[in-house]
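Asks: Annotated region 'Disordered' per Swiss-Prot: 18-44, in sequence order. The annotation compositional bias 'Basic and acidic residues' is assigned in Swiss-Prot to 18-29. Residues annotated as domain 'Rieske' in Swiss-Prot, with sequence analysis given as evidence: 70-165. Residues or ranges marked as [2Fe-2S] cluster binding site in Swiss-Prot (evidence: sequence analysis): CYS109, HIS111, CYS128, HIS131. Here Swiss-Prot flags GLY201, ALA202, GLY203, ALA204, ALA205, ARG235, LYS240, VAL270, ASP467, TRP514 as FAD binding site.
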Amino acid sequence: MGGCFSKPKPVELKIEVVLPEKERGKEELSASGKGSPRGYQGNGTARHFHAEERLPTPQPYPSPQDCVEATVCHVKDLENGQMREVELGWGKVLLVKDNGEFHALGHKCPHYGAPLVKGVLSRGRVRCPWHGACFNISTGDLEDFPGLDSLHKFQVKIEKEKVTIRASKQALQLQRRTKVMAKCISPSAGHSSSTNVLIVGAGAAGLVCAETLRQEGFSDRIVLCTLDRHLPYDRAKLSKSLDAQPEQLALRPKEFFRAYGIEMLTEAQVVTVDVRNKKVVFKDGFKLEYSKLLLAPGSSPKTLTCKGKDVENVFTIRTPEDANRVLRLARGRNAVVVGAGFLGMEVAAYLTEKAHSVSVVELEETPFRRFLGERVGRALMKMFENNRVKFYMQTEVSELRAQEGKLQEVVLKSSKVLRADVCVLGIGAVPATGFLRQSGIGLDSRGFIPVNKMMQTNVPGVFAAGDAVTFPLAWRNNRKVNIPHWQMAHAQGRVAAQNMLAQEAEINTVPYLWTAMFGKSLRYAGYGEGFDDVIIQGDLEELKFVAFYTKSDEVIAVASMNYDPIVSKVAEVLASGRAIRKREVELFMLHSKTGDMSWLTGKGS
């Protein structure tokens with residue numbers, strides 16, 4: 001560590017994309033957006049891109065009056081591997097000591113403001129305790145998702161065994177940092193039927209792909225198209241906050257897309273992909289050519305096929321308008337939710353204080369049974385029953401009855417008749433890939449798009465990501481899986497963008513998801529399909545527990561409530577490549593009464 005602060009010397013920023021020798025003849029995008037035969041020099045070496053070609057106008061170095069400086073502790077106050085929040089007057093900073101070095105970072109996760117001091121420090125990064133996002137402690141950069149922004153990194157100096165931090169006042173208050181991005185310099189942008197990168201689907205995967213391309217220096221045309229009428233938004237929040245408005249859910253403001261030349265096509269439905277001519281056809285007849293294509297169409301919710309299926313006031317929730325209409329119709333009235341998965345249970349929880357009655361219909365014996373197991377499912381079911389939710393289990397809807405075309409009753413196969421003014425369906429989804437059936441792009445028997453570790457389809461130059469894909473899950477021996485989670489879509493979108501630029505990145509992240517019901521958060525990491533045992537530490541009745549899901553001798557997933565940061569800890573261990581054995585958990589259960597999880601740092605087997 002240096003003994004004083006100094007203004008950094010100007011540097012020439014260069015972005016270099018180098019293909020391996022064997023790959024240099026292939027047509028990959030360079031950071032300029034051109035195909036490699038044009039974007040690379042004749043001798044096969046990479047072109048260098050200078051800062052002035054791609055960066056926004058740099059901010060001036062903060063003047064002394066714009067900064068705050070404070071001595072926060074003695075070097076011996078923190079052990080290696082410890083974190084502490086320290087106050088600088090204008091805001092707090094996360095101070096980290098790792099391998100004898102001190103690092104100062106923003107103290108809140110930019111995703112939803114979790115205090116990172118309560119997270120997990122491991123392998124040179126800190127993992128958020130709430131949703132699992134990871135940040136490099138040396139740079140502040142976002143390394144694993146969810147979220148879009150990174151942390152600010154502040155200057156640290158050591159003098160006479162004292163640790164002093166210097167930080168910009170503005171950075172302390174913002175608590176998030178958007179990475180430097182290229183701007184579009186293509187003369188044809190917005191005025192041509194051709195594009196370098198076309199992204200079909202503007203969810204998490206599509207947006208992260210576009211942003212990653214710009215972060216990596218790609219300065220040619222990017223077009224992002226969506227069926228929605230809105231700019232990209234946090235769809236995962238719809239079922240948790242039915243009153244949320246589009247502007248509240250927006251992931252980026254419209255000025256962001258304008259500033260970085262990411263063109264948006266809203267209410268744009270793709271009907272055909274012509275891979276031979278690298279062309280996409282839209283429903284209105286508009287056509288766009290592409291050099292690289294990302295397919296991130298997401299999924300379509302399943303609907304009922306019973307008698308009366310077309311009556312009014314029966315909803316699937318895909319847009320803010322859907323959510324808002326459900327809330328409006330449910331206020332003071334009778335709501336029925338079909339399906340006790342995450343979406344259905346989140347909607348039911350939200351409506352308990354708004355509707356006159358809330359009923360849940362489910363084919364299984366308990367909510368979440370296949371995902372969380374019988375015991376955890378029953379504990380959560382009891383929480384809902386204590387909040388006035390009525391369950392009708394091991395049955396399904398046989399008829400929807402209407403009066404003057406509007407829903408009045410839901411009839412179950414058990415012959416039970418439920419009064420209903422509004423019905424929400426949460427019975428699963430199917431990949432929205434019908435437009436690809438005649439394209440030559442591979443689909444499996446269920447309609448998913450199979451991709452490899454680099455998010456490549458069977459067609460060169462065509463990538464896929466998000467809810468509509470199956471991919472090899474690295475830490476489960478490359479088992480082909482579909483994981484329709486918000487965090488996973490982020491990660492896949494980044495890998496797709498990196499491989500459009502020939503960076504040979506591979507998808508390698510531990511699935512992480514969460515939900516919130518009645519003010520309580522459930523967190524989950526791993527991939528637990530096929531678990532054969534559940535080991536529970538804590539108190540299910542008090543909803544303070546951690547559940548380890550095992551298959552044979554290995555922990556394959558973990559879930560918790562009021563037990564942070566255990567899920568982030570397990571996720572970090574699994575991400576490191578270390579297996580957690582069932583016997584480790586069993587021994588912990590036998591000998592530990594404290595809830596201490598330090599055993600997870602052991603070497604294991």
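In case you wondered, yes, glycine gets a Cβ from its N, Cα and C as well.
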Asks: Which of CYS109, ALA205 has the fewest nearby Cβ atoms, counting only those within 10 Å, among these binding-site residues?
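Replies: Candidates: the binding-site residues CYS109, ALA205. Fewest Cβ atoms within 10 Å: CYS109.
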Asks: At the level of the C-alpha atoms, what whole-angstrom distance separates GLY201 (FAD binding site) and HIS131 ([2Fe-2S] cluster binding site)?
Replies: 23
Asks: Which residues in the same chain, at least 6 apart in sequence, have a Cβ under 8 Å from the Cβ of HIS131 ([2Fe-2S] cluster binding site)?
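Replies: Sequence-distant Cβ neighbours: CYS109, HIS111, TYR112, ALA114, PRO146, GLY147, GLN487, TYR512, TRP514, ARG523.
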Asks: Highest CB neighbour count within 10 A among the binding-site residues GLY201, GLY203?
Replies: GLY201
Asks: How far apart, in Å, are the two Cα atoms that lie farthest from each other among GLY201, ALA202, GLY203, ALA204, ALA205, ARG235, LYS240, VAL270, ASP467, TRP514, the residues recorded as binding FAD?
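Replies: Largest Cα to Cα distance for the FAD-binding set is 32 Å.
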Asks: In angstrom units, rounded to an integer, how far apart are the Cα atoms of CYS128 ([2Fe-2S] cluster binding site) and GLY203 (FAD binding site)?
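Replies: Each residue's Cα considered, CYS128 ([2Fe-2S] cluster binding site) and GLY203 (FAD binding site) end up 22 Å apart.
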Asks: Whose Cβ lies within 8 Å of the mean position of the Cβ atoms of CYS109, HIS111, CYS128, HIS131, the [2Fe-2S] cluster site, other than those residues?
Replies: PRO110, TYR112, ALA114, PRO129, TRP130, GLY132, ALA133, PRO146, GLY147
Asks: For ALA205 (FAD binding site), which DSSP three-state class applies?
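Replies: Note: ALA205 (FAD binding site) is helical by DSSP.
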Asks: So what sits near LYS240 (FAD binding site) in its own chain, CB-to-CB under 8 Å and at least six residues off in sequence?
Replies: GLU346, TYR350, THR515, ALA516
Asks: Measure from the Cβ of ASP467 (FAD binding site) and count the other Cβ atoms within 10 Å, all protein chains considered.
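Replies: If we count other Cβ atoms within 10 Å of ASP467 (FAD binding site), we arrive at 26.
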Asks: DSSP on the domain 'Rieske' (70-165): how many residues come out helix, how many strand, how many coil?
Replies: 6 helix, 50 strand, 40 coil
Asks: Among the binding-site residues HIS111, CYS128, which residue has the largest number of other Cβ atoms within 10 Å of its own Cβ?
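Replies: That would be CYS128, with the highest Cβ count within 10 Å.
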